[in-house]
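As written in Swiss-Prot, here are the features:
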- 15, 16, 17, 18, 19, 20, 21, 22, 23, 24, 25: ATP binding site (BINDING)
- 191, 200, 203, 206: Zn(2+) binding site (BINDING)
């Protein structure tokens, strides 16, 4: 590894302004002294996502980096970047919201930013418990990426995935433990149709989020 030691108290969070990455933000603030966020503009369906990410970063007093990754929308048509496509599940079981190589590229650029800011830790909200079958959300991919990033920059990075083995119910429980359940419920954007908070209630992302929240609140005894 190269001579300059990375700051073990500093973390970069891959941040979209959604439930998962915002939960990761508060998890990071609990575990590290210095936290910065990186958001990627890749031609997603709604500019609102970027505005929400900026707003949360501002409210939490966290430095926010916005990187242009619009080239992703040039590579393949999918329902996250093509507004005229309906969200559907393909024959392989993977929804057309899958953006090939998205997390590969996001973690690569988050690693480059970590290198420049001397941050040892990179945090992403990917999960393979309640997920849509995206191959780049799997634990095996993240572990491989951790090795690749470290070798490519001769730095001893650590990629954290606090939500990897949590379903949505458990993710809500974590946000409650962190004292931010209501903040995340009402200020984040998960909805594919761009509705902040509880969302449209119809898209797959909203249904997954709502089912997890309802299950957690029912277990907690809250109406």
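Residue 1 is the first one shown; counting continues down the chain.
Just so it is clear, glycine is given a Cβ too, placed from its N, Cα and C backbone atoms.
Keep in mind that this is a model prediction, so the values were computed, not measured.
Swiss-Prot feature annotations superimposed on the structure.
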residue: 15; record: ATP binding site; CB count, 10 Å: 30
residue: 17; record: ATP binding site; CB count, 10 Å: 24
residue: 19; record: ATP binding site; CB count, 10 Å: 26
residue: 21; record: ATP binding site; CB count, 10 Å: 23
residue: 23; record: ATP binding site; CB count, 10 Å: 23
residue: 25; record: ATP binding site; CB count, 10 Å: 27
residue: 191; record: Zn(2+) binding site; CB count, 10 Å: 23
residue: 200; record: Zn(2+) binding site; CB count, 10 Å: 13
residue: 203; record: Zn(2+) binding site; CB count, 10 Å: 19
residue: 206; record: Zn(2+) binding site; CB count, 10 Å: 18
Inset, instruction - Show, in sequence order, which residues other than 191, 200, 203, 206 on the same chain lie with their Cβ within 8 Å of the centre of the Cβ atoms of the Zn(2+) site. - result: 190, 192, 193, 195, 199, 201, 202, 204, 205, 207
Legend entry - Any further residue of that chain within 8 Å (Cβ to the Cβ centroid of 15, 16, 17, 18, 19, 20, 21, 22, 23, 24, 25) of the recorded ATP site: 13, 125, 184, 188
Inset, instruction - List only the single closest residue to residue 17 (ATP binding site), chosen from the binding-site residues 191, 200, 206 by CA-CA distance. - result: 191
Inset, instruction - Measuring CA to CA, name the entry from the binding-site residues 15, 19, 21, 23, 25 that ends up nearest residue 191 (Zn(2+) binding site). - result: 19
Inset, instruction - Would you kindly give the Cα-Cα distance separating residue 19 (ATP binding site) and residue 203 (Zn(2+) binding site), rounded to the nearest Å? - result: 15
Inset, instruction - Express the distance between the Cα positions of residue 23 (ATP binding site) and residue 200 (Zn(2+) binding site) as a whole number of Å. - result: 21
Inset, instruction - List only the single closest residue to residue 206 (Zn(2+) binding site), chosen from the binding-site residues 15, 19, 21, 25 by CA-CA distance. - result: 19
